[in-house]
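S.K.: Dumping the structure here so I can ask a few things about it.
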Amino acid sequence: RQSTVFTKKNETMPLTPLVYWAQRHEDIYLRVELTDAQNIDVNVNDNVLQFKAQGHGAKGQNEYEFSLEFLLPVKSEVSHKSTQRQVNITVQKEQRGWWKRLTLQERKPVFLAPDFDRWLDESDAEMEIREKEEKRNMLKASRHKEEGFVSLKTGFLFVYNLVQFLGFSWIFVNMTVRLFIFGQDSLYDTFHTISDVMFFCQILAAVEVLNAAFGVVQTGVIPTFIQVVGRNFILFIIFGSLGEMHNQPVVFFVFYLWSTIEIFRYPFYMLGCLNTEWKTLTWLRYTIWIPLYPLGVIAEAVAVIQSIPIFDETKLFSIPLPKAVGTSISFSYVLHIYLVLMFLGLFINFRHLYKQRKRRFCTKRKAN
(Lines of atoms letter the chains of each structure in order from A and count residues from 1; the text may use other names and numbers.)
(Lines give C-alpha, C1' and ligand atoms only; values in the text may rest on other atoms or scores of the structure.)
Protein backbone atom coordinates (compact mmCIF):
# COMPACT_ATOMS: atom_id res chain seq x y z
CA ARG A 1 0.00 0.00 0.00
CA GLN A 2 2.81 2.44 0.81
CA SER A 3 4.46 1.61 -2.51
CA THR A 4 1.26 2.45 -4.39
CA VAL A 5 0.97 5.82 -2.63
CA PHE A 6 4.56 6.69 -3.40
CA THR A 7 4.11 5.83 -7.09
CA LYS A 8 1.02 7.98 -7.41
CA LYS A 9 2.73 10.87 -5.67
CA ASN A 10 5.74 10.56 -8.00
CA GLU A 11 3.47 10.58 -11.04
CA THR A 12 1.81 13.83 -10.00
CA MET A 13 5.01 15.69 -9.24
CA PRO A 14 6.35 17.60 -12.29
CA LEU A 15 9.85 16.78 -13.51
CA THR A 16 12.31 19.66 -13.37
CA PRO A 17 15.33 19.97 -15.69
CA LEU A 18 18.75 21.20 -14.63
CA VAL A 19 18.88 25.00 -14.97
CA TYR A 20 22.04 27.12 -14.93
CA TRP A 21 21.98 30.90 -14.54
CA ALA A 22 24.23 33.94 -14.91
CA GLN A 23 23.62 37.66 -14.96
CA ARG A 24 24.80 40.97 -16.36
CA HIS A 25 23.77 44.43 -15.25
CA GLU A 26 20.79 44.41 -17.65
CA ASP A 27 20.02 40.73 -18.35
CA ILE A 28 19.44 37.33 -16.76
CA TYR A 29 20.69 34.27 -18.69
CA LEU A 30 19.20 30.81 -18.11
CA ARG A 31 20.47 27.58 -19.67
CA VAL A 32 18.03 24.67 -19.48
CA GLU A 33 19.64 21.26 -19.96
CA LEU A 34 17.07 19.67 -22.20
CA THR A 35 18.06 17.81 -25.37
CA ASP A 36 15.90 18.07 -28.52
CA ALA A 37 13.33 20.22 -26.72
CA GLN A 38 9.88 20.52 -28.33
CA ASN A 39 6.63 22.36 -27.58
CA ILE A 40 8.55 24.97 -25.59
CA ASP A 41 6.38 27.36 -23.58
CA VAL A 42 8.18 30.22 -21.79
CA ASN A 43 6.52 33.30 -20.29
CA VAL A 44 6.91 35.81 -17.46
CA ASN A 45 3.88 36.88 -15.43
CA ASP A 46 3.95 38.86 -12.18
CA ASN A 47 7.72 38.54 -12.01
CA VAL A 48 7.52 34.73 -12.21
CA LEU A 49 9.03 32.80 -15.10
CA GLN A 50 7.13 29.67 -16.15
CA PHE A 51 8.80 27.05 -18.35
CA LYS A 52 7.37 23.89 -19.88
CA ALA A 53 8.73 21.69 -22.67
CA GLN A 54 9.16 18.12 -23.82
CA GLY A 55 12.64 16.70 -24.29
CA HIS A 56 15.36 14.45 -22.99
CA GLY A 57 16.54 15.61 -19.56
CA ALA A 58 17.86 14.16 -16.30
CA LYS A 59 14.87 11.77 -16.12
CA GLY A 60 14.96 10.68 -19.74
CA GLN A 61 12.41 11.61 -22.41
CA ASN A 62 9.62 13.40 -20.55
CA GLU A 63 7.77 16.66 -20.09
CA TYR A 64 9.72 19.04 -17.87
CA GLU A 65 8.67 22.25 -16.20
CA PHE A 66 9.80 24.74 -13.55
CA SER A 67 9.02 28.21 -12.23
CA LEU A 68 11.26 30.95 -10.83
CA GLU A 69 10.14 34.00 -8.87
CA PHE A 70 12.80 36.63 -9.46
CA LEU A 71 14.40 38.69 -6.71
CA LEU A 72 13.60 42.00 -8.41
CA PRO A 73 11.19 43.10 -11.16
CA VAL A 74 11.89 41.97 -14.73
CA LYS A 75 10.31 42.83 -18.06
CA SER A 76 7.54 40.59 -19.31
CA GLU A 77 9.22 40.10 -22.69
CA VAL A 78 11.31 36.94 -22.72
CA SER A 79 13.39 35.46 -25.54
CA HIS A 80 14.52 31.87 -25.93
CA LYS A 81 16.51 29.87 -28.42
CA SER A 82 16.57 26.09 -28.61
CA THR A 83 19.60 24.09 -29.72
CA GLN A 84 20.05 20.34 -29.98
CA ARG A 85 21.52 20.21 -26.46
CA GLN A 86 19.77 22.97 -24.50
CA VAL A 87 17.34 25.87 -24.32
CA ASN A 88 18.82 29.34 -23.78
CA ILE A 89 16.56 31.94 -22.17
CA THR A 90 17.21 35.68 -21.80
CA VAL A 91 15.19 37.89 -19.44
CA GLN A 92 15.70 41.65 -19.16
CA LYS A 93 15.87 43.34 -15.76
CA GLU A 94 13.42 46.16 -15.14
CA GLN A 95 16.22 48.32 -13.72
CA ARG A 96 19.91 48.08 -14.44
CA GLY A 97 21.80 46.66 -11.46
CA TRP A 98 23.57 43.70 -9.87
CA TRP A 99 21.50 41.12 -7.97
CA LYS A 100 22.86 39.30 -4.90
CA ARG A 101 20.83 36.20 -5.89
CA LEU A 102 18.36 35.14 -8.59
CA THR A 103 15.19 34.18 -6.70
CA LEU A 104 13.03 35.92 -4.15
CA GLN A 105 13.30 32.98 -1.75
CA GLU A 106 16.68 32.83 -0.08
CA ARG A 107 16.93 29.10 -0.39
CA LYS A 108 18.07 28.19 -3.88
CA PRO A 109 15.94 25.63 -5.76
CA VAL A 110 17.65 22.24 -6.03
CA PHE A 111 17.54 22.27 -9.85
CA LEU A 112 19.26 25.69 -10.10
CA ALA A 113 23.04 26.19 -10.28
CA PRO A 114 25.45 28.94 -11.43
CA ASP A 115 26.45 28.90 -15.10
CA PHE A 116 30.20 29.12 -14.67
CA ASP A 117 30.72 29.29 -18.44
CA ARG A 118 29.06 32.71 -18.39
CA TRP A 119 29.54 33.68 -14.77
CA LEU A 120 31.12 37.08 -14.05
CA ASP A 121 31.61 39.15 -10.93
CA GLU A 122 30.16 42.64 -10.91
CA SER A 123 33.54 44.26 -11.58
CA ASP A 124 34.22 41.84 -14.43
CA ALA A 125 30.82 42.60 -15.90
CA GLU A 126 31.58 46.34 -15.77
CA MET A 127 34.84 45.68 -17.59
CA GLU A 128 32.97 43.64 -20.20
CA ILE A 129 30.60 46.58 -20.76
CA ARG A 130 33.53 48.96 -21.19
CA GLU A 131 35.20 46.62 -23.67
CA LYS A 132 31.98 46.32 -25.66
CA GLU A 133 31.58 50.09 -25.63
CA GLU A 134 35.16 50.56 -26.83
CA LYS A 135 34.63 48.03 -29.64
CA ARG A 136 31.39 49.78 -30.58
CA ASN A 137 33.14 53.16 -30.68
CA MET A 138 36.01 51.74 -32.75
CA LEU A 139 33.51 50.22 -35.16
CA LYS A 140 31.69 53.55 -35.46
CA ALA A 141 34.98 55.37 -36.05
CA SER A 142 35.99 52.89 -38.76
CA ARG A 143 32.58 53.28 -40.40
CA HIS A 144 32.91 57.06 -40.34
CA LYS A 145 36.36 56.76 -41.93
CA GLU A 146 35.02 54.42 -44.57
CA GLU A 147 32.06 56.68 -45.28
CA GLY A 148 34.42 59.65 -45.45
CA PHE A 149 36.64 57.82 -47.94
CA VAL A 150 33.64 56.78 -50.03
CA SER A 151 32.26 60.33 -50.10
CA LEU A 152 35.72 61.72 -50.96
CA LYS A 153 36.14 59.15 -53.75
CA THR A 154 32.65 59.90 -55.07
CA GLY A 155 33.33 63.66 -55.03
CA PHE A 156 36.64 63.19 -56.82
CA LEU A 157 35.11 60.98 -59.52
CA PHE A 158 32.19 63.35 -60.02
CA VAL A 159 34.47 66.38 -60.46
CA TYR A 160 36.80 64.46 -62.79
CA ASN A 161 33.94 63.29 -65.02
CA LEU A 162 32.38 66.77 -64.98
CA VAL A 163 35.63 68.41 -66.13
CA GLN A 164 36.07 65.84 -68.90
CA PHE A 165 32.44 66.23 -69.97
CA LEU A 166 32.80 70.02 -70.17
CA GLY A 167 36.06 69.71 -72.10
CA PHE A 168 34.78 67.25 -74.70
CA SER A 169 31.44 69.09 -74.94
CA TRP A 170 33.32 72.28 -75.77
CA ILE A 171 35.27 70.40 -78.45
CA PHE A 172 32.15 68.81 -79.94
CA VAL A 173 30.06 72.00 -79.97
CA ASN A 174 32.93 74.14 -81.27
CA MET A 175 33.66 71.73 -84.14
CA THR A 176 29.95 71.37 -84.98
CA VAL A 177 29.38 75.15 -85.07
CA ARG A 178 32.50 75.76 -87.16
CA LEU A 179 31.44 73.04 -89.60
CA PHE A 180 28.05 74.75 -90.12
CA ILE A 181 29.59 78.21 -90.45
CA PHE A 182 32.75 77.53 -92.48
CA GLY A 183 31.80 74.26 -94.10
CA GLN A 184 34.69 72.31 -95.63
CA ASP A 185 37.22 74.97 -94.69
CA SER A 186 36.80 74.09 -91.01
CA LEU A 187 38.37 70.67 -91.67
CA TYR A 188 41.80 72.19 -92.31
CA ASP A 189 42.29 74.26 -89.14
CA THR A 190 40.85 71.86 -86.55
CA PHE A 191 44.22 71.28 -84.89
CA HIS A 192 44.92 75.01 -84.42
CA THR A 193 41.51 75.74 -82.87
CA ILE A 194 40.85 72.57 -80.86
CA SER A 195 44.21 71.00 -79.96
CA ASP A 196 44.83 72.89 -76.70
CA VAL A 197 41.64 71.62 -75.09
CA MET A 198 42.16 68.15 -76.55
CA PHE A 199 45.70 68.04 -75.13
CA PHE A 200 44.29 68.95 -71.71
CA CYS A 201 41.54 66.34 -71.81
CA GLN A 202 43.80 63.54 -73.02
CA ILE A 203 46.55 64.28 -70.49
CA LEU A 204 43.88 64.27 -67.77
CA ALA A 205 42.59 60.93 -69.10
CA ALA A 206 45.73 59.28 -67.68
CA VAL A 207 43.88 59.48 -64.32
CA GLU A 208 41.52 56.76 -65.61
CA VAL A 209 44.38 54.28 -65.89
CA LEU A 210 45.43 55.05 -62.30
CA ASN A 211 41.83 54.73 -61.08
CA ALA A 212 41.54 51.29 -62.66
CA ALA A 213 44.98 50.19 -61.41
CA PHE A 214 44.33 51.21 -57.79
CA GLY A 215 40.74 49.93 -57.69
CA VAL A 216 39.09 53.36 -57.40
CA VAL A 217 36.73 52.22 -60.17
CA GLN A 218 35.82 48.64 -61.03
CA THR A 219 37.01 48.30 -64.64
CA GLY A 220 39.74 46.53 -66.55
CA VAL A 221 43.20 48.11 -66.48
CA ILE A 222 44.33 46.78 -69.87
CA PRO A 223 41.38 48.09 -71.97
CA THR A 224 41.64 51.49 -70.25
CA PHE A 225 45.41 51.59 -70.77
CA ILE A 226 45.06 50.66 -74.48
CA GLN A 227 42.53 53.41 -75.12
CA VAL A 228 44.36 56.20 -73.26
CA VAL A 229 47.85 55.36 -74.57
CA GLY A 230 46.53 54.79 -78.08
CA ARG A 231 44.81 58.17 -78.23
CA ASN A 232 47.76 60.00 -76.71
CA PHE A 233 50.11 58.35 -79.22
CA ILE A 234 47.99 59.71 -82.09
CA LEU A 235 47.59 63.12 -80.47
CA PHE A 236 51.16 63.77 -79.32
CA ILE A 237 53.29 61.75 -81.78
CA ILE A 238 51.32 61.76 -85.02
CA PHE A 239 49.59 65.15 -84.79
CA GLY A 240 51.60 67.07 -82.21
CA SER A 241 55.14 66.38 -83.48
CA LEU A 242 54.46 66.82 -87.21
CA GLY A 243 53.49 70.28 -88.39
CA GLU A 244 52.61 68.77 -91.77
CA MET A 245 49.73 66.90 -90.15
CA HIS A 246 48.15 69.96 -88.53
CA ASN A 247 46.17 70.94 -91.65
CA GLN A 248 45.06 67.44 -92.61
CA PRO A 249 41.25 66.84 -92.61
CA VAL A 250 41.82 63.52 -90.78
CA VAL A 251 42.44 65.55 -87.60
CA PHE A 252 38.82 66.73 -87.75
CA PHE A 253 37.43 63.22 -88.06
CA VAL A 254 39.60 61.83 -85.25
CA PHE A 255 38.74 64.65 -82.84
CA TYR A 256 35.04 64.60 -83.75
CA LEU A 257 34.67 60.85 -83.25
CA TRP A 258 36.54 60.96 -79.94
CA SER A 259 34.41 63.79 -78.56
CA THR A 260 31.12 62.24 -79.77
CA ILE A 261 31.79 59.11 -77.73
CA GLU A 262 32.87 61.02 -74.62
CA ILE A 263 29.94 63.43 -74.39
CA PHE A 264 27.79 60.39 -73.59
CA ARG A 265 30.27 58.41 -71.54
CA TYR A 266 31.25 61.03 -68.96
CA PRO A 267 27.73 62.24 -67.98
CA PHE A 268 26.76 58.58 -67.55
CA TYR A 269 29.57 58.22 -65.00
CA MET A 270 28.54 61.51 -63.34
CA LEU A 271 25.01 60.24 -62.76
CA GLY A 272 26.48 56.98 -61.46
CA CYS A 273 28.31 58.96 -58.75
CA LEU A 274 24.90 60.26 -57.63
CA ASN A 275 23.28 56.78 -57.79
CA THR A 276 21.04 58.09 -60.54
CA GLU A 277 20.29 56.70 -63.98
CA TRP A 278 18.80 58.17 -67.12
CA LYS A 279 17.76 55.22 -69.30
CA THR A 280 18.27 57.02 -72.61
CA LEU A 281 21.78 58.06 -71.62
CA THR A 282 22.56 54.54 -70.40
CA TRP A 283 21.47 53.08 -73.74
CA LEU A 284 23.55 55.64 -75.67
CA ARG A 285 26.62 55.05 -73.48
CA TYR A 286 26.50 51.28 -74.12
CA THR A 287 25.45 51.48 -77.79
CA ILE A 288 26.91 54.49 -79.58
CA TRP A 289 30.46 53.12 -79.40
CA ILE A 290 29.46 50.21 -81.68
CA PRO A 291 29.68 52.30 -84.89
CA LEU A 292 31.89 55.13 -83.58
CA TYR A 293 34.72 53.16 -81.99
CA PRO A 294 35.71 51.23 -85.16
CA LEU A 295 35.33 54.45 -87.20
CA GLY A 296 37.64 56.20 -84.76
CA VAL A 297 40.27 53.48 -85.09
CA ILE A 298 40.02 53.65 -88.90
CA ALA A 299 40.50 57.45 -88.76
CA GLU A 300 43.52 56.99 -86.46
CA ALA A 301 44.95 54.38 -88.87
CA VAL A 302 44.53 56.81 -91.78
CA ALA A 303 46.44 59.45 -89.77
CA VAL A 304 49.27 56.96 -89.09
CA ILE A 305 49.48 55.96 -92.76
CA GLN A 306 49.58 59.63 -93.83
CA SER A 307 52.40 60.31 -91.37
CA ILE A 308 54.67 57.45 -92.49
CA PRO A 309 56.20 59.25 -95.55
CA ILE A 310 56.67 62.39 -93.45
CA PHE A 311 58.63 60.48 -90.80
CA ASP A 312 60.70 58.84 -93.59
CA GLU A 313 61.51 62.21 -95.09
CA THR A 314 62.22 64.17 -91.90
CA LYS A 315 63.99 61.27 -90.08
CA LEU A 316 62.14 62.39 -86.95
CA PHE A 317 62.40 59.85 -84.11
CA SER A 318 64.58 57.65 -86.32
CA ILE A 319 66.84 55.21 -84.46
CA PRO A 320 70.55 55.83 -85.22
CA LEU A 321 72.80 52.85 -85.95
CA PRO A 322 76.60 52.56 -85.57
CA LYS A 323 78.71 54.52 -88.10
CA ALA A 324 80.00 51.26 -89.60
CA VAL A 325 76.49 50.57 -90.84
CA GLY A 326 76.07 54.18 -91.89
CA THR A 327 72.32 54.49 -91.72
CA SER A 328 69.38 54.64 -89.26
CA ILE A 329 66.11 52.85 -88.74
CA SER A 330 63.16 55.07 -89.66
CA PHE A 331 60.40 55.59 -87.14
CA SER A 332 58.01 54.46 -89.87
CA TYR A 333 58.89 50.83 -89.05
CA VAL A 334 57.56 51.42 -85.56
CA LEU A 335 54.40 52.85 -87.11
CA HIS A 336 53.90 49.75 -89.24
CA ILE A 337 54.05 47.64 -86.09
CA TYR A 338 51.76 50.11 -84.34
CA LEU A 339 49.13 49.69 -87.08
CA VAL A 340 49.00 45.96 -86.36
CA LEU A 341 48.79 46.59 -82.59
CA MET A 342 46.09 49.19 -83.17
CA PHE A 343 43.69 46.67 -84.70
CA LEU A 344 44.61 44.10 -82.06
CA GLY A 345 43.71 46.73 -79.45
CA LEU A 346 40.45 47.35 -81.32
CA PHE A 347 39.57 43.67 -80.95
CA ILE A 348 40.43 43.62 -77.20
CA ASN A 349 38.51 46.81 -76.41
CA PHE A 350 35.57 45.90 -78.62
CA ARG A 351 35.20 42.58 -76.81
CA HIS A 352 35.52 44.34 -73.41
CA LEU A 353 32.86 46.94 -74.31
CA TYR A 354 30.55 44.27 -75.73
CA LYS A 355 30.79 42.25 -72.50
CA GLN A 356 29.99 45.40 -70.50
CA ARG A 357 26.94 46.08 -72.66
CA LYS A 358 25.73 42.49 -72.47
CA ARG A 359 26.21 42.37 -68.69
CA ARG A 360 24.39 45.68 -68.23
CA PHE A 361 21.29 44.89 -70.25
CA CYS A 362 21.06 41.17 -69.47
CA THR A 363 21.19 41.99 -65.74
CA LYS A 364 18.38 44.53 -66.17
CA ARG A 365 16.18 42.02 -68.03
CA LYS A 366 16.67 39.46 -65.25
CA ALA A 367 15.83 42.09 -62.62
CA ASN A 368 12.64 42.96 -64.47
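Even glycines carry a Cβ here, placed using N, Cα and C.
Pulled the feature table from TrEMBL, pasting it below:
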type	residues	note
DOMAIN	14-103	domain 'CS'
TRANSMEM	155-177	transmembrane segment
TRANSMEM	197-217	transmembrane segment
TRANSMEM	224-243	transmembrane segment
TRANSMEM	249-268	transmembrane segment
TRANSMEM	288-311	transmembrane segment
TRANSMEM	331-350	transmembrane segment
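I'd like to know what surrounds each of these features in this structure.
M.R.: Away from its own ends, the transmembrane segment (155-177) comes close to residues 186, 190, 193-194, 197-198, 200-201, 204-205, 207, 211, 216-217, 252, 255-256, 258-260, 262-263, 266-267, 269-270, 273-274 of its chain (Cβ-Cβ under 8 Å, at least six residues beyond either end).
Under 8 Å from some Cβ of the transmembrane segment (224-243) lie the Cβ atoms of residues 191, 195, 198-199, 202-203, 205-206, 208-209, 212, 251, 254, 258, 300, 303-304, 307, 310-311, 314, 316-317, 338, 342, 345, 348-349, all in the same chain and six or more residues away from its ends.
Among residues of the same chain six or more beyond the transmembrane segment (249-268), those with a C-beta under 8 A of the stretch's C-beta atoms are 161-162, 164-165, 168-169, 171-172, 175, 186-188, 190-191, 194, 198, 201, 231, 234, 239, 281-282, 284-285, 288-289, 292-293, 295-296, 299-300, 302-303, 306.
If you look at the transmembrane segment (288-311), the same-chain residues 6 or more away from its ends with a CB under 8 A from one of its CBs are 230-231, 234, 238-239, 242, 244-245, 248, 250-251, 253-254, 257-258, 260-261, 264, 317-318, 330-332, 335-336, 338-339, 342-343, 345-346, 349-350, 353.
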S.K.: With Cβ-Cβ distances below 8 Å as the criterion, list the same-chain residues six or more beyond the ends of the transmembrane segment (331-350) that contact it, or say none.
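M.R.: Apart from its flanks, the transmembrane segment (331-350) reaches 222-223, 226-227, 230, 233, 293-294, 297, 300-301, 304-305, 307-309, 311-312, 316-319.
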S.K.: In the domain 'CS' (14-103), how many residues does DSSP assign to helix, to strand and to coil?
M.R.: 0 helix, 63 strand, 27 coil
S.K.: Note the mean pLDDT of the domain 'CS' (14-103), expressed as a whole number.
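M.R.: It averages 92.
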